[in-house]
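First the structure, in the form of C-alpha cells, and then the observations on it.
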Amino acid sequence: MPDTKIVLIAGPTASGKSALALKMARETGGEIVNADSMQIYGGLPVLTAAPSPEELAQAPHHLFGAVDAADAWSVGKWLAAATAVLDDIAARDRTAIVVGGTGLYFRALTHGLADIPPVSETQREVSALLYAAQGEPEFRDVLAALDPEAEARIEIGDRQRLLRAHAVAIATGKSLTAWQTDTKPTLADGTWTGLVLDPPRAQLYDRCDARLGLMVERGALDEVRAMEARGLEPALPALKALGYRELAAHLRGETSLDQALDAARQETRRYAKRQMTWFRNQTPDWERVETLAPYGSLRDRLPPEGEEP
C-alpha cells in the first residue's frame, strides 16, 4: 500500500466518533472509511447510526451501506475492501479517516489478518466440551502448554478467546500466537495515527439511552419492519444490529415498545462496556479522547511524514 496519512478513530457506540470523523474530513479535505461491522450493511441506516444524507453530502464516505443484509461479511472481506479504498485514497493524495467501533477491523489494519486454516466445527465442539469438563483454571493449564503467550494475554473469563486459541493450536499444529506473529500489518508503520474516544461511562450510557428513542422517532421501526418482511435468516450478522431483536419482538406483538426500548438500552450499555474494555486492552498506545472540545483544529492530529504513531 502506498504511504499516506491515515487516521484511525475508534470507540464505543454513541461516543461521537462519526462527528469527530466528519469534522476532521471537512478540515482536511479527507475521506471517511467505515470500520463498523453493522454500518457496512444497507437497509438499517437509522438503527445502525450510519451517516445521514446530509452528513454524506459533506465529505466522501466509503463502505457505508455497501453490502446487502442477506450477505455475511467477515473481517477478511472488510479488510480486502478497505485496503482497496485506502489505496485509491492514497493515489489521490487525500487523507483517509477510518472510523468505527469494530475492534477486529482496526486490529486487522494495524496487525494484519493471520491466514489461519479453517477450524472444523467438530474441533470447536471438542474444545468447548473440554472447557466445560475441566473448568477455566485447568483449561488454562492445557492452553499454556500449547500457546503460553495466548494463555497469558487472554483475560480471566474470556471463554471465547480461550476456546479459539485452543482449537487453532490443536487443529493446525501451530499456536494462534505463532500464526499472528508471522502476519505482517496491513498499514505500514509511520503512515497512521490512532485515536480512541473514551468518554466517562455515565455520559456514554446517557447518550446510548437517548439515542435509541431518537432512532425510533426517525424511522427505526419502519426499517426493522421492512427487514423482517424479507424473511432473512435470523442468524445473519446484519440482523444482530443493536436494538434489532428487541424492536422485531415488539413488531410481532411480544412486547410493548417501552419494554423493547428498555431491553435494547440494557443491551446497548453492555455492548458499549465491552467495546470500552476491548479498546483499553488492545489499543493501549492510542491517544485517548474524552471529549471533542479540546480538539480545535484537527489538522494537527495528522502524523508528520515519517513519524510513527
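Residue positions begin at 1 at the first shown residue.
From the backbone N, Cα and C atoms, a Cβ is placed for every residue, glycine too.
The number of other Cβ atoms within 10 Å of the Cβ belonging to Lys17 (ATP binding site), over all protein chains shown, comes to 24. Annotation comment: Swiss-Prot describes Gly11, Pro12, Thr13, Ala14, Ser15, Gly16, Lys17, Ser18 as ATP binding site, evidence class sequence analysis.
As annotated by Swiss-Prot, substrate binding site applies to Thr13, Ala14, Ser15, Gly16, Lys17, Ser18, with the evidence given as sequence analysis. Proximity of Ser18 (ATP binding site) to non-local residues of its own chain (separation of 6 or more, Cβ distance below 8 Å) is seen for Ala49, Pro51, Glu55, Val99, given in sequence order.
For the region 'Interaction with substrate tRNA' (36-39), same-chain residues at least 6 beyond its ends with a Cβ under 8 Å from one of its own Cβ atoms are 45, 48-50, 64-65, 73, 78, 99-102, 105, 237-238, 240-242. What Swiss-Prot lists as region 'Interaction with substrate tRNA' is 36-39 (among others), and the listing cites sequence analysis.
Predicted-model confidence for the region 'Interaction with substrate tRNA' (160-164) is 93, expressed as mean pLDDT. What Swiss-Prot records for 160-164 (among others) is region 'Interaction with substrate tRNA'.
If you look up Swiss-Prot, you'll see Thr102 (among others) marked as site 'Interaction with substrate tRNA', on the strength of sequence analysis. Annotation note: Thr102 (site 'Interaction with substrate tRNA') sits in a coil segment as assigned by DSSP. Around the Cβ of Thr102 (site 'Interaction with substrate tRNA'), the same chain contributes Ala35, Asp36, Ser37, each under 8 angstroms and 6 or more positions distant in sequence.
The site 'Interaction with substrate tRNA' annotation in Swiss-Prot covers Arg124 (among others) and is backed by sequence analysis. Every protein chain considered, the tally of other Cβ atoms within 10 Å of the Cβ of Arg124 (site 'Interaction with substrate tRNA') stands at 16.
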Determine, to the nearest whole angstrom, how far the Cα atom of Ser15 (ATP binding site) is from the Cα atom of Arg124 (site 'Interaction with substrate tRNA').
35
When DSSP is mapped onto helix/strand/coil, what comes out for Thr13 (ATP binding site)?
coil
Tell me the residue counts in helix, strand and coil for the region 'Interaction with substrate tRNA' (36-39), as DSSP assigns them.
0 helix, 0 strand, 4 coil
Since the record lists Thr13, Ser15 as binding-site residues, which of them has the fewest other Cβ atoms within 10 Å of its Cβ?
Thr13
Do you know offhand how many angstrom separate Gly11 (ATP binding site) and Arg124 (site 'Interaction with substrate tRNA') by C-alpha?
30
For the binding-site residues Gly11, Pro12, Gly16, which one has the sparsest Cβ surroundings, going by other Cβ atoms within 10 Å?
Gly16
